[in-house]
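The structure appears below as structure tokens.
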């Protein structure tokens, strides 16, 4: 059991801040020194705490069953979706949209106010050093906290209202709802209900075009492979979906990302300017949908 | 039987003192809701830990199905959600637990703040607690991307843009988290590693510190 007043153990756990700090050393009396109502942690209190835990657990399960975790459609960079962070980041998100926390003042937004707010929260014990613990006797600390709480509530609410408004204005429905509806519809029709993207192999367009030979001659194949599926470089099958002839020509001449300019390599391999243009034109024809 | 096993181990390793340090202590009246109902505010810390345990357990089960790559991540989550027995429940618990742990932790922080419990001699425990808060937010942020649906993708893009706007450190920080020039395959694996290995490891270390300190110092006295 807990250590009594005459405990001989070196470490006496359970301090008590009710004891005033005096000049001399006081052996901190433990809670058993106060009559009556303290209780052993194990098993008495832990069992009571477990009951509270069970109530919370049931709460989570009820939430889980009534509101399944949302899942939208697979990530697609060209989708039009209004970005929204998880709810507990909404206040920060909204705050960074304020005129003096964004644009030219973005540093003030990200480092200035946010840094000071979170920094002072982190260092609260060293800023609020008084002995007083009751919040109504610590007007500065308490009012700053109340102010922050009010700001958080206000910003969160504004962010959510604006999001809802924007969704309504653009006529968008949350994707998880759309996915559920689509799946239900397909289920009723006996169709597959999955929204996952299935990898489809894209065919080479005009494989017999002379440009295919140029492609090999110009050493493109060393990175993009003979079947155009890519190796060190990306796959070029379906490259025409995202790049037109001009863009491809530009990449060949100037490089892009890790790819250096290939103009010298191509001319060195005996391609004329026209050959290179033909090659780019042929690559631009590589579309996934005919 | 149990006693014999315990004694057998205790003879060799002398575990009783360790057990007493961990578990054998009294709970004072002023934090016990059985005596003063208003003391329920002292439950929030324990509940935060309880939900953290739920998060760890449900997360472990989720990793049995989840595949952290951009082609299969969504499909694996969809499979988990629609096909796996109780998958919906386990994912739901992880999803709702993620929100509730933030709520509980927030309430716990407010209790500690408004009862002035962070004052001497408990300053270090407050700081560790705040670090736990930041790690939890990090877990929320990294976990949000993992289903790899549009909501996750675009929210992460915005987050990384915000990180990018921090002067000097920003672009480095963004590239470190993003693992390249776009939000893509590397971002997903990085967020997965952070969410499943790095941050939980840091969290557990901080929690151990939090609990050792609370046992050393005891809970703050009544106001």
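Even glycines carry a Cβ here, placed using N, Cα and C.
All annotation found in TrEMBL is predicted automatically rather than curated by experts.
Residues or ranges marked as domain 'Cytochrome b/b6 N-terminal region profile' by TrEMBL: B:5-223.
Look at TrEMBL and you will find B:39-67 (among others) tagged as transmembrane segment. Residues 30-33, 73, 75-77, 79-80, 84, 87, 90-91, 93-94, 97-98, 100-101, 104-105, 107-108, 111, 115, 146, 196, 200, 203, 207, 219 of the same chain lie 6 or more positions beyond the ends of the transmembrane segment (B:39-67) yet place their CB under 8 Å from a CB of it.
The feature transmembrane segment is assigned by TrEMBL to B:96-114 (among others).
Summarising the annotation, TrEMBL assigns transmembrane segment to B:126-146 (among others).
Counting residues 6+ beyond its ends, the transmembrane segment (B:192-214) has Cβ neighbours under 8 Å at 49, 52, 56, 59, 63, 68, 122, 124-125, 128-129, 131-132, 135-136, 138-139, 142-143, 146 in the same chain. Positions annotated as transmembrane segment by TrEMBL: B:192-214 (among others).
Here the transmembrane segment (B:126-146) has Cβ contacts under 8 Å with residues 66, 68, 73, 77, 98, 101-102, 105, 108-109, 112, 118, 152-153, 155-156, 159, 187-188, 191-192, 194-195, 199-200, 202-203, 206-207, 209-210, 213 of the same chain, all six or more residues outside its ends.
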